[in-house]
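Some features that Swiss-Prot has for this protein:
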| type | residues | note |
| --- | --- | --- |
| BINDING | R21, R126, R127, R166, S167, A168, D169, N177, H207, I208, Y209 | dUMP binding site |
| BINDING | H51, D169, A263 | (6R)-5,10-methylene-5,6,7,8-tetrahydrofolate binding site |
| ACT_SITE | C146 | active site, nucleophile |
Amino acid sequence: MKQYLDLLDRVLTEGIEKGDRTGTGTISVFGHQMRFNLDEGFPCLTTKKLHLKSIIYELLWFLKGDTNVKYLQDHGVRIWNEWADETGDLGHIYGYQWRSWPTYDGGFIDQISEAVDAIKHNPDSRRIIVSAWNVGDLDHMNLPPCHAFFQFYVANGRLSLQLYQRSADIFLGVPFNIASYALLLQMMAQVTGLQAGDFIHTLGDAHIYLNHLEQVKLQLSREPRPLPQMKINPDVKNIFDFQFKDFELVNYDPHPHIAGKVAV
């Protein structure tokens, strides 16, 4: 994935050292975009091994509208534990906003269902957007959304998705985000009868934490390998019916995992 390695190299070369909320310190650039054509393979990083199980279960968790870590923990996924309260809840984060965005009159909007409907029945719309950045609800989130909103685009029988990510932890978070939204694009394309097109990833504050610099340099020393393919159960026609068993990543041959501490 040259696009990702180019981002790492750019931040190492051009990045400005800044403080941050966690006290760890970063080097960062502001504004970067990567494009992944899913015809060329599934964009799962090969210069270090990713924990695909966590990526899939997290996405299914979002789509369920769930905001409690119990579902994740029941499936051996612990990536949200640091931000959960004593009951396991995370407040009104991604799943809540995607599926139950509150309206002024006491109702709720299921943004995912509305996006599916728009792709099917109004594909030329420029309003097929799902947002997790609810300004009026930020104080009710244990962690405000880093990947803030995404938009769908339909052309020539292909569905593309562009994500805006306000805050991008390049070493740990961004590889997960790329794979997660590429998978969401494939799922949405399948249930709307389209081919998966491009995933475009637009970053705001793109940063490397100072305690990840050596890991990043190690990753840049590794030669990328061919991308794998993601196979999805073709019988699933409803976006909310997918289960973990419906996904198979084939021909994934990554370099070994590189550990890094999460900045909380």
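Each Cβ is built from the backbone N, Cα and C atoms, and glycine gets one as well.
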In angstrom units, rounded to an integer, how far apart are the Cα atoms of R127 (dUMP binding site) and C146 (active site, nucleophile)?
21
Helix, strand or coil at Y209 (dUMP binding site) [DSSP, three-state]:
strand
What whole-number Å value do you get for the CA-CA distance of S167 (dUMP binding site) and C146 (active site, nucleophile)?
5
Please report the distance from the Cα of H51 ((6R)-5,10-methylene-5,6,7,8-tetrahydrofolate binding site) to the Cα of R21 (dUMP binding site), rounded to the nearest angstrom.
26
Among all protein chains shown, how many Cβ atoms are found within 10 Å of the Cβ of R127 (dUMP binding site), not counting that one?
10
Here are some recorded positions: C146, S167, H207, Y209. Which one has the most Cβ atoms within 10 Å of its Cβ?
H207
Using CB atoms and a 10 A radius, I'd like the single residue among the binding-site residues R21, H51 with the highest neighbour count.
H51
What three-state secondary structure does DSSP assign to D169 (dUMP binding site)?
strand
Cα separation, C146 (active site, nucleophile) to R21 (dUMP binding site) (Å, whole number):
13
Considering each pair of residues in R21, R126, R127, R166, S167, A168, D169, N177, H207, I208, Y209, all listed as binding dUMP, report the largest CA to CA distance in Å, no decimals.
36
